[in-house]
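Have a look at the structure below before the remarks.
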Amino acid sequence: MRNPFERLPSPGLDPRFAVGATSWPDLRRLLAERRRLARLLPFGGTGNVTAYCVLLLLAALAPSAMALLTGQLVTATAAPSSPGQWAPGTLSLLVAIAVVYVVQQSAEAGQQVLRVAIARRIDGTVRARVRELTLQPSGLSHLEQPDLQDDLNRLWDTGGMINRTRSPGTATAGIVVAGFQILGALVATAVVFTFSPLLAIGLLVATLLIRAINRRQWHYLTDVADGRARYRRQVNEWSELAAGPAAAKEVRLFGLGAWATARRRRSALEWAGPIWAVRRDILRKQGTTMVLSVGAGFAGLAVPGLAAASGGIGIDDLVVYLVAVWGIFSARDVGTDGFDIEYGLGAIRALDRLIERYERLGAEWGARPRPTAVLPGGCGDPPAAPHIHFEDVRFTYPGSPRPTLNGVDLTIEPGEVLAIVGYNGAGKTTLIKLLSGLYRPSRGRIVVDDTNLADLDEGELSAWRRRMTVLFQDFVRYPGSIADNITLSAPESLDLECEAAGRAVADAAGRAGMDDLLASAPEGLETRLREGGAGSLGLSGGQWQRLATARALFAVGRGRRLLVLDEPTAHLDVRAEEVFFDQVVREVRGASVVLISHRLSTVRHAGRIALLRSGRIAEIGTHEELLDRDGDYARLFRLQAGRFQTARGGSS
Ligand SMILES: Nc1ncnc2c1ncn2[C@@H]1O[C@H](COP(=O)(O)OP(=O)(O)OP(=O)(O)O)[C@@H](O)[C@H]1O
């Protein structure tokens, strides 16, 4: 069966939208999407939604009620009455019209308020779901996929640049308005039908056609906008660079302000240019809707007008029909609701893609045989340090042409201090990410106490992570107090009142060399960091690194039995670096330590040193053994030591 919409003159848009959007499959999709939005409605709150529907119903019925009452009023006033007296029934009709008017106005105002409340509640629910989804998979790789980032951005994007809030919630509230608009038009059609069935149906069809064309145009616009998510991301990156705090120092120092602003502008034009073109195109192609509007409007006025002029209907009926005609006709304007619905649907599509992706990830990470991972207890005795074995581990980052690790065989014995060294990009941090379960090896196994990490499900992986702690090279600077920054590595301690947890904070801070900092902090451990203003403290790079070290040591104090330190001395002064191994690493009790560093003067004290090269462990042994072997490690060590000797020689 052919779709009658197909014969519509094309608004000159993308052929997919000119023809495709009016095919039956697309209409079915359209209805399915609206049902999908309707399913979000309960999240707006039962009371809110019920009141909203009642108010919209009142607002939808008001024009028809007004038409009928106005007609009756005209009839009543035309009836003969004594001079100075109201015609019979006039007063009650006037009161009824006033009541309908007040109800209509109140319903309009009330529904606006409820609309915002419903939309915000739905948006809150959708965002909570998205946050829940993004935190769920234990791995990291999905977060590095640009299309996922685009979908997330699409979900958070409320169309701020268009100066209206557009979101799944606004779209859901919008379809309810649209539904009642149509209902109002149908009731008004029934009124006009009693006068002229042809006029009633003709006006209804014209109204629905105009709505369909407008909807299709909004659909096209939002589709183009959503398809440009990648460019939007680039605009955000340039904005961050041009005006954000991260690059502020270099931007000012190098005088990059004008360059960054120009790049941002170019990127913004790349993003918005096609969107503006579509908007211009839509504006130019308003001919069809204009012709339909003018034609339908003319017929709506002329047919009852001519009937009244020829005496076919009385003036009272004329008033009723004209008001009812307007009741049908006013539904033709989808207005910004149309954009709200289509724009919000873009977010819903992004949400569906995310859910599908996360379900896949959940299945990948979830269904595993039962392992034997051990959790550290609250205030009780911690478990023993783990025995870790990398067996022929190979790993390639998603989208990368070459493997970063290519057959790593390595054992970390319980309680040992193992240093890992290697050139930039050798894969040292990657090894730790795999050990933390943030990525899975593409080949080989990482076996912890007889359990293959790849066999752990989400919960068990969390349990494994609570046996270890990592001071990452790019550690996080948490906005909170010094104490928060220390205890967040073992968040279960936040709820523990046990003395051991309190002691562990002070102990970790002391061992990380934070005594001077704490002495100058106005509120000691409770001093807030990064927020600026009274009572807060700005820290230097080295001070932040000591704080991050304290965080790692605190976790060990709370029972973590594998401590990984990735470039822990990168920001430290020579004095602190010199004593780091003795004061921090050697003092760790009952835990294994993996120390990654380019400072060979620091790593030389480790029990064993492994050199990573070409994706494999190329050399392993004690400092002395590796020097005797005279390989890369020995060369690197001599190079570093030679620099100091030269400096010493030069200065003497
Ligand atoms: N998220 C990622 N996606 C794709 N490639 C990555 C990612 N992270 C790291 N790499 C690549 O993997 C390789 C190893 O990186 P890794 O950070 O493990 O090296 P590293 O030995 O710790 O280096 P450095 O000494 O400079 O800290 C590098 O070539 C890097 O470009």
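Including glycine, each Cβ sits where the backbone N, Cα and C put it.
According to TrEMBL, the feature domain 'ABC transporter' maps to 388-639.
According to TrEMBL, the feature transmembrane segment maps to 37-66 (among others). Same-chain residues lying 6+ beyond the ends of the transmembrane segment (37-66) with a Cβ under 8 Å from its Cβ atoms: 97, 100-101, 103-104, 106-108, 110-111, 114-115, 117-119, 121-122, 125-126, 168-169, 171-173, 175-177, 180-181, 183-184, 187-188, 191, 323-324, 326-327, 330, 341, 344-345, 348.
Taken from TrEMBL, the feature transmembrane segment covers 86-103 (among others).
Feature annotation from TrEMBL assigns transmembrane segment to 171-189 (among others). Beyond its flanks by at least six residues, the transmembrane segment (171-189) meets 34, 37-38, 40-41, 44, 49, 52-53, 56-57, 59-61, 63-64, 67, 111, 115, 118-119, 122, 200-201, 203-204, 207, 324-328, 330-331, 334, 337-338, 340-345, 347-348 of its own chain at Cβ-Cβ distances under 8 Å.
Among residues of the same chain six or more beyond the transmembrane segment (195-213), those with a C-beta under 8 A of the stretch's C-beta atoms are 5, 8, 11, 22, 185-186, 189, 288-289, 292-293, 295-296, 299-300, 303-304, 307, 313, 317, 321, 325, 328-329, 331-334, 338. According to TrEMBL, the transmembrane segment annotation covers 195-213 (among others).
Listed by sequence, the residues of this chain that lie at least six past the ends of the transmembrane segment (289-309) yet keep a Cβ under 8 A from its Cβ atoms are 195-196, 199, 202-203, 206-207, 209-210, 213-214, 315, 317-318, 321-322, 325-326, 328-329, 332. Among the features that TrEMBL reports, transmembrane segment is placed at 289-309 (among others).
Looking just at the domain 'ABC transporter' (388-639), the mean pLDDT is 87.
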